[in-house]
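Peer 1: Before I ask anything, here is the structure I am working with.
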Amino acid sequence: MDLFEYQAKELFAKHNVPTTPGRVTDSAEDAKAIATEIGKPVMVKAQVKVGGRGKAGGVKYAATPDDAFTHAQNILGLDIKGHVVKKLLVAEASDIAEEYYISFLLDRSNRTYLAMCSVEGGMEIEEVAATKPDRLAKVPVNAVKGVDLAFAREIAEKGHLPAEVLDAAAVTIQKLWEVFTKEDATLVEVNPLVRTPDDQILALDGKVTLDANADFRQEGHKEFEDKDATDPLELKAKENDLNYVKLDGEVGIIGNGAGLVMSTLDVVAYAGEKHGGVKPANFLDIGGGASAEVMANGLDVILNDSQVKSVFVNVFGGITSCDAVANGIVKALEILGDEANKPLVVRLDGNNVDEGRRILAEANHPLVVQAETMDSGADKAAELANK
């Protein structure tokens, strides 16, 4: 889960990472009130989960509360790379002597943690990596040893930070490591990490991605969910513990196992080329369980997608046999009743496939069409979606 900047800074404050005071708002009047309360020049910053805010006009300096009001009016509703600004962070402006970069992330290719640090902050880090690779330090972090003050200082030194700020930077870097580990993050990034004229180190921006797999032990992270921005179907699927991702297509997909579902997406997309260009409408993996309740929840999510014209259920029976899947489909259709109003193409294969097909045939539901193979099932689903 990606956080907004103001949410990242809430975590920073929790772990004593120094930053500038400010508050989030969704109105220009409130932005003016916050600026008045701060009593100093402020930055008015669009809260969107995408980079390039400054270039898009989403970050403005306000010398007075009236300036904050004007900038807030202009920024609210702004479209930044497809993200409409609904919230603003009004934070105290800071004098900047130098800008640095620091991040912690997962290095999946090397199966370790990685610290990245550079004296060249305030610009896109990809640009630094491309044009000044010697100015960007990439330091592997031992998961067991972690980051103590000495190692944090070493990271700062390798990033070419000036000697006079190494100690102060090390303290902040260690605290950012604490955010990374204690909050179960997969990314913690500060760009820029600034040095003020009086040699303070401040995190002026923050980007944090939290690992959703750790939600069970991070109760406090629920408050960070942006339900307004989350697709309602994805929210509904999450509430029912379904692995669902909405796509822009017409054929709903249900499968068991991520690999099979991904293959199904490809086959449906290929079949759709000869049926009006229809595409997969979603990724939905029901995993190893195909009970009536799980199947009903999955179908309920997909059938509530107005773009869906047909559904392709593609299941390979393993631990969960095909007869159990077939019974789940039949019972799910009974549970949904009139809500089940779009054709279902069902392809079963694997453990107890003959019995599964017999159950579906005897049920003789008017919406269910059986397919022998994945290719024929994808073709039929694409054909039905194009009618």
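In case you wondered, yes, glycine gets a Cβ from its N, Cα and C as well.
Note that the structure is predicted; figures quoted are calculated from it, not measured.
Grabbed the feature section from Swiss-Prot, which reads as follows:
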type	residues	note
DOMAIN	9-236	domain 'ATP-grasp'
BINDING	LYS45, GLY52, ARG53, GLY54, SER94, GLU99	ATP binding site
BINDING	ASN191, ASP205	Mg(2+) binding site
BINDING	ASN256, GLY318, ILE319, THR320	substrate binding site
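Describe the structural context of these features.
Peer 2: All chains included, 11 other C-beta atoms sit within 10 angstroms of the C-beta of GLY52 (ATP binding site).
In the shown protein chains, 24 other C-beta atoms lie within 10 A of the C-beta of ASN191 (Mg(2+) binding site).
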Peer 1: Roughly where does the domain 'ATP-grasp' (9-236) sit in mean pLDDT, to the nearest integer?
Peer 2: 93
Peer 1: Please tell me which one of the binding-site residues listed here (ASP205, ASN256, GLY318) sits closest to SER94 (ATP binding site), measuring Cα to Cα?
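Peer 2: Result for SER94 (ATP binding site): the nearest of the binding-site residues is ASP205.
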Peer 1: Where the record says LYS45, GLY52, ARG53, GLY54, SER94, GLU99 bind ATP, what is the longest distance in Å from one Cα to another among those residues?
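Peer 2: If we measure all Cα pairs in LYS45, GLY52, ARG53, GLY54, SER94, GLU99, the largest is 20 Å.
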